[in-house]
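Here's the structure we're looking at; comments come further down.
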Amino acid sequence: MGTNLFIYGPLCIPVMMQIVAGCRPQEEPAFLEGYRVAPRQPDGVPLLVQAPGEVAEGMLLRGASDEMVERIAHFADAHGLEPASLLISAPEGPLRAMAFRGQTGRWPVAPGNWSAATWAEVAGEEACHAAHEIMKLRGRFSGEALRFRLGQIRARAASRVAALHEQVPHRVGRGPKDPWVEEIGQRDDHAGWYFTRTFDLRHQTFAGMGSPQIRREVLLAPDAAIVLPYDPERDSVLLVEQFRLGPYGRGEMLPWMLEPVAGRLDPGESPEDCARREAREEAGVALGALHHVAGCYPSPGCSTEFHHCFIGICELPEIGQYGGGLAEEVEDIRTHILPFDRAMELMSSGEARNAPLILSLLWLAGKRSELRGAA
């Protein structure tokens with residue numbers, strides 16, 4: 001017999017349903033009286049919300065297989081939604097169907113109804129990439145363990161969309177003639193806060209032939225914004241110092257590192273907005289003009305991480321050390337306000353061991369007079 005399912009929101013869009021259900025089932029319009037489909041705040045996930053006098057539009061899947069129900073349940077679980085038996089309006093009249101919804105009052109919702117057109121324009125492409133990754137975790141994680149990973153899944157999806165649409169100049173490095181990559185298979189060997197993905201692939205070579213099949217692993221990390229706050233009036237910069245797992249894992253005796261302000265881009269957040277947010281959160285600094293330093297892969301051989309680097313003009317306090325960071329993110333940060341010349345000495349002494357810091361200081365050294373003259 002199967003299960004009658006009432007779906008709504010992105011699952012009514014064919015491409016998303018194909019990703020989640022693994023097929024394109026037969027659907028028919030259906031309605032749920034006394035409810036509306038509202039965007040959850042702040043992530044925009046559509047929720048069924050009780051609303052007397054309103055009608056939630058959706059689709060009815062009749063006799064859905066156990067596998068289809070399980071797949072949709074997994075996707076709903078990732079967003080904190082739970083199954084409920086509801087009385088819907090079908091073409092032949094009232095009908096009991098399963099729907100996935102959030103607990104009443106658990107999340108704030110935005111006014112108005114969820115819009116498929118807005119979703120497609122603002123979040124659709126990212127949501128589809130995120131859905132692919134969510135569905136790959138089916139059978140591995142559920143409940144809180146699954147939802148713990150959702151933020152980074154969305155951030156990686158946003159980074160992937162940015163990479164697909166970025167206009168990159170290729171005047172010198174153009175790759176082989178008629179470049180191609182044949183992906184034979186992939187798997188996510190590690191799926192924690194970060195993911196490690198193994199690819200089996202072949203690619204075009206500079207000699208014009210296909211390479212042998214190779215296996216390579218890559219750390220999947222979202223894009224990050226890096227900003228070095230600079231006060232041209234005082235000619236001083238702000239650095240943050242915090243414990244870093246990279247130096248610790250490598251074996252350094254003192255794995256606390258000096259670096260610019262840095263943070264991961266939230267889904268839908270621009271690099272500039274991220275830089276400003278992180279400066280407020282980590283250092284309590286309000287940035288003025290942002291000067292783009294570079295967009296770069298710090299370690300392209302083994303990581304997808306991409307850095308958007310900036311110099312941020314601001315007013316800094318007196319030279320000295322201060323506290324910073326967000327307690328809810330378990331950030332333990334000390335900020336250092338240094339004269340520019342003292343900051344440059346960190347490179348010659350070897351204390352500057354963070355690549356974005358070195359890059360930012362070198363850029364600032366070349367533009368410092370111009371920035372001070374404009375202050």
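Glycine residues also receive a Cβ, built from the backbone N, Cα and C atoms like all the rest.
Summarising the annotation, TrEMBL assigns Mg(2+) binding site to Ala262, Glu278, Glu282, Glu331. DSSP gives Glu282 (Mg(2+) binding site) a helix state.
The domain 'Nudix hydrolase' annotation in TrEMBL covers 220-360. Mean pLDDT for the domain 'Nudix hydrolase' (220-360) in this predicted model: 92.
If you look up TrEMBL, you'll see 263-285 marked as motif 'Nudix box'.
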Test of understanding: give the count of other CB atoms lying within 10 angstroms of the CB of Glu278 (Mg(2+) binding site).
25
How many other Cβ atoms sit within 10 Å of the Cβ of Ala262 (Mg(2+) binding site)?
21
